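Colleague: So TrEMBL has the following annotated:
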| type | residues | note |
| --- | --- | --- |
| TRANSMEM | 12-34 | transmembrane segment |
| DOMAIN | 17-422 | domain 'Major facilitator superfamily (MFS) profile' |
| TRANSMEM | 54-73 | transmembrane segment |
| TRANSMEM | 85-104 | transmembrane segment |
| TRANSMEM | 110-132 | transmembrane segment |
| TRANSMEM | 144-169 | transmembrane segment |
| TRANSMEM | 181-202 | transmembrane segment |
| TRANSMEM | 227-248 | transmembrane segment |
| TRANSMEM | 268-289 | transmembrane segment |
| TRANSMEM | 301-320 | transmembrane segment |
| TRANSMEM | 326-349 | transmembrane segment |
| TRANSMEM | 361-382 | transmembrane segment |
| TRANSMEM | 394-416 | transmembrane segment |
Amino acid sequence: MTENSPSGRWTVHALWMTGVFTFAGFISYMDRLILGSLIDPIKHDLALSDSQLALLQGAAFALVYIVAGLLFGRIADRLRRRIPLLVAGSLIWCLGTVGCGLAGNFNEMFAARMVVGVGEATLAPAAVSLLAASVPPQRLATAIGAFVMGTIVGGPGAVAISGALLAIFEGHAAGLPFVPWRMVLLACGGFGLILPFLFLTLREPLREETEVGVPLSQVLATFRRHIGVVLPIYLGLALLSIGDFGLLTWSPSLLTRNFRFEAADIALIFGLGVTLAGVIGSLGGGLFLDWLGLKNGMRRHIAIIAILAGLAAVAAAAMATPSQLLVVAGILGWTMASAVAAIGGIAVLQRVLPADCRGTAMSLVSFFAILIGLGLGPTLIAEVTETIFADSSAVGWSIAIVTVPAALVGAILFLVSRSQMPEEREP
């Protein structure tokens, strides 16, 4: 069976698959970032420092994700059937989230977060590979954009859903078998167990032996040929992810510590405001970039991404202001600018790199984003708060100090990539 249908029309199954992967991306990022709005109760019950909390949100996940992600990227390129990989991965990460809710100390929660990282590492490379095999080529960018939208919405969705659940459980704490924050983790991890069953509804086109990916040496040679273009894009997207993970991790604490926001208020801001900003940024930005068109030249495309990174830096600077209106506006602005830049960067990588290493190419996006973004973002902000300011109310300044330079350097890296784009690639 061939990987792609020659028809350019959506099929019912292709639409269903796109929807399933969009939902899976949402659940994945929700479980990845769920600790963000549970920081204070977890810190109190387990007697943890801000640095330990940052390690749980960052390094505990990133250590295994970056290694497993590369492995699963190669596996996704070479396996004839990828659905079993998705079923196993989703089962593992959801049970890991449940394990976080049962953890009794730092070490146990650190181990549970590592389990989450292993399971989630299967999703992006396998999903992109399956979409490329099942969705008409003329619609592939739209399908991948929808998947990316799910992950973008998953971040604020984690804050919104966990905040709302926390408020509900706190209102009925006397009749619960566990304290409210544990109930939130158990509920979210248990809900995610629907994913393995959804993956089993997908029909997978089997690959021929000649279509099961290229040798590793050829993949490495391909990346070496395009290193000047693709490496700055990978690093630029990773630097923006410092803000994605760091800002979304610590902005709920900024709102509660400095502006006395309640859990229900934060759930409204992130559930409605940030989620809407993510949807507008991903779908609206995708439409804008399609309208701009790679046919107008990838140099112009990358220049737009650099401008967006600069706008994200302006939004991050608002975190240091004493105005809650500017802080909320900055959170929304960062979400929109970063979303469009991420989709644009992935689109360029798809154009530059050949189709026979899709899983590996996508796993490298996750590799750099997690290594630099999730691995460093929350931790650096915590270290600045504790070491430089020694004042938990200064977390807004810490967010700005870390994320503004990251976004500006990211913009410079995008311009470096633009300068390395061969002239013959311009139409």
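Glycine residues also receive a Cβ, built from the backbone N, Cα and C atoms like all the rest.
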Colleague: Roughly where does the domain 'Major facilitator superfamily (MFS) profile' (17-422) sit in mean pLDDT, to the nearest integer?
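Modeller: On average, pLDDT over the domain 'Major facilitator superfamily (MFS) profile' (17-422) sits at 86.
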Colleague: With an 8 Å cut-off on Cβ pairs and a sequence gap of 6 or more, do the transmembrane segment (268-289) and the transmembrane segment (12-34) reach 3 or more such pairs?
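Modeller: No; fewer than 3 Cβ pairs under 8 Å.
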Colleague: Would the transmembrane segment (361-382) and the transmembrane segment (301-320) count as touching if the test is at least 3 Cβ pairs under 8 Å, pairs 6 or more apart?
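Modeller: No, the transmembrane segment (361-382) and the transmembrane segment (301-320) are not in contact.
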